[in-house]
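Record features (TrEMBL):
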type     : residues : note
TRANSMEM : 7-26     : transmembrane segment
DOMAIN   : 8-398    : domain 'Major facilitator superfamily (MFS) profile'
TRANSMEM : 46-67    : transmembrane segment
TRANSMEM : 74-95    : transmembrane segment
TRANSMEM : 107-124  : transmembrane segment
TRANSMEM : 136-155  : transmembrane segment
TRANSMEM : 161-182  : transmembrane segment
TRANSMEM : 213-233  : transmembrane segment
TRANSMEM : 253-273  : transmembrane segment
TRANSMEM : 280-298  : transmembrane segment
TRANSMEM : 304-326  : transmembrane segment
TRANSMEM : 338-362  : transmembrane segment
TRANSMEM : 368-392  : transmembrane segment
Amino acid sequence: MKKNPWVVAMFVILTGVIFAMGQFKVPPTMTVIMEDMGVGLTMGGLLMSVVAITAIVCALFGGILTVKFRPKKLGMFALGCTFLGNLVGFFAKGIEFLLVGRLLEGVGFGLITVLAPTIIAEWFPSEKRGRPMALWTMWAPCGILIIFNVANIIMEYFTWRGVWAFTTILFAVMLVLFKLFVDDPEDAGIGKASASLSKEWRAISLEIKSPEIWMLTLVFTIFGLGCAAYSTFAPTFCVEHLGMDLAAANTKTSLMTFGMVAGVFFMTAILSYIKNLNHLLVIVTVITGIFFSLAFCLNAEWQVIPFVLVNGIVLQMIPPVVFAVAPDAARSPQTLGVALGIATAGDHLGAFVGTVVLGSIVERYGGNWLAAVPAMILFALIGIIGAVNFWYLMKRRRKNIRTTAALAQPFAH
């Protein structure tokens, strides 16, 4: 019996929410984990970064995997890996085994970021994909909001291991629900390729040579860096720099997700009216860079809620613009998936660099969080340079296309 596309989409989105909860269970528990394991900020940040580094590989090759395997099968594999990773983490006696568990989680997390939109795209024709794709973009903020608040309740009775047990159960349940309610359309073309992947490798080679894609990837890398750095260390920053209680820090910083949800609707409206998206990318990158620079400058507890709410909106600006300009930046419609894979890998790479580098800097300066500010300013400037270069390259490409068309016109008659 043919499944309802909206039922499939809702369970795919629910799967994403569960993955976000699993990925972001570290920030609200990091202070307790560092005390329990006897590690510092660098190792604590690595618990987030190890997921990002495995996700880089999965983002790069996720599109190729769907050529050989059906998205549902890969989704089941992703859920299985993440379930096992949470189980390993729950029983971990030291930071090494906890990192192994997070590595397994990273495999699943990286795959689902590619598979979920692919499954949704399979079920909906192009003219009807807008709403389900817009709903999909809320998977991360919803998951973060839930886990930041649920973690406080669980840790009152079971410490951080209780949070790992909770997510382990969630992934076990989601594995069953995914099997029952998610499927691939009968007429789907993905996963039916021949044994040869030479065409995919040629497509990758084509996009690797594209300077436009690399500038777009640079912007997305800086976004991933700043976003991961702040979302990972925000509760710890509030505890160590502002002297807040851990539960209050988790609750207040989790309010950023309300801003992120609002940001989804705000950017949907903006993208409906703005036509020059390459110019818009420069604008939103500048705005995001300003907020990255201010992220660790707060000096009073009352500033936290206003900042995280507005910052949540700002953090939803770059991703939809990147995905909107990517079709024009790709060398051909057939290589769009490869282009998005490269850009998404940049996002994950930034998440890895952000948590490791920022944690190391703060630790090197004796826990002084103001030491993070110059680094965030530098990263913001790099992102702005990338956006400006992307705008220039796309403008030059359009000019070259117009020139070529004008030269070819006399020979058309």
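Any Cβ shown, glycine's included, is placed from N, Cα and C.
Annotations in TrEMBL come from automatic prediction, not curation.
Quantities reported herein were computed from a predicted structural model and do not represent experimental measurements.
With a cut-off of 8 Å on Cβ pairs spaced 6 or more residues apart, the transmembrane segment (280-298) and the transmembrane segment (161-182) reach fewer than 3 such pairs and are scored as not touching. Below 8 angstroms of C-beta separation, residues 9, 12-13, 16-21, 23-25, 27-29, 32, 116-117, 120, 162-163, 166-167, 231, 235, 247, 250-251, 253-254, 256-258, 260-261, 264, 312, 316, 319-320 of the same chain, each at least six residues beyond the ends of the transmembrane segment (136-155), sit close to that stretch. Of the ranges 46-67, 74-95, 253-273, the one with the most Cβ pairs under 8 Å to the transmembrane segment (107-124) is 46-67. Looking at which of 7-26, 253-273, 338-362 has the most CB pairs under 8 Å to the transmembrane segment (304-326), the answer is the stretch 253-273. Looking at the domain 'Major facilitator superfamily (MFS) profile' (8-398) alone, the prediction's average pLDDT is 85.
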